[in-house]
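In Swiss-Prot this protein carries:
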BINDING   166, 167, 168, 232  NADP(+) binding site
């Protein structure tokens with residue numbers, strides 16, 4: 001069986017067009033365009049690329065995009081003061097602080113300082129807690145983007161054995177909550193998991209997010225499984241690959257996401273969706 005490719009690039013483009021239409025309709029009705037503030041501290045090259053793609057996506061859909069590029073020497077107090085300022089700014093619906101932050105700045109403190117109704121990354125404990133309690137508002141971008149992919153391909157997740165590999169706060173943990181909401185029997189594996197292969201072989205839906213190229217061999221994949229590869233790994237030869245050995249896995253899976261062009265574009269598309277949602281659900285009616 002050759003797997004059907006889940007085309008994240010195309011779905012992400014659809015999502016962006018849908019958001020752009022809604023923004024156009026808002027502006028035509030005399031409402032303001034949603035605003036996103038993107039904060040980058042230091043000059044991490046990978047972060048600069050991510051931030052660039054987020055800003056570009058914002059402008060494409062007609063958002064107001066505000067950039068704050070702070071020097072590596074920025075103190076925690078200065079960053080927290082900027083967040084306070086943005087929390088109070090009625091023209092801003094979403095605040096995104098690009099991780100990782102330089103040494104000496106406490107990630108947790110920074111993420112918790114963002115007002116939950118402007119936390120378009122979905123990392124604030126309030127938003128994670130809402131997801132845990134089955135009443136999500138702003139949802140973490142990568143997991144929500146994956147759910148959107150499954151929905152757009154009309155994949156029925158109810159009753160599937162879902163296995164998440166990797167238990168990070170950004171993907172693995174919130175993903176497990178999304179899968180419970182989607183009716184899956186969900187297992188999360190991590191570095192202490194014994195007999196990983198057995199878990200993978202049992203997965204009807206496999207989501208891999210560990211950041212290690214070729215970490216999951218193709219022969220472990222159950223026949224007919226749905227494989228979602230979150231990994232983005234650049235090899236020394238410049239090639240970008242996922243956490244799953246794609247060629248082998250694609251022979252066994254029913255659906256698979258490629259790398260690049262699978263989950264990656266959905267993360268940014270979901271950020272855009274979240275910003276519009278924050279604007280409409282939380283901030284409409286406030287004077288900008």
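Just so you know, glycine gets a Cβ as well, placed from its N, Cα and C.
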Pick out which of the binding-site residues 166, 167, 168, 232 has the most other Cβ atoms within 10 Å of its own Cβ.
166
What span in Å does the NADP(+) site cover, taken as the longest CA to CA distance among 166, 167, 168, 232?
16
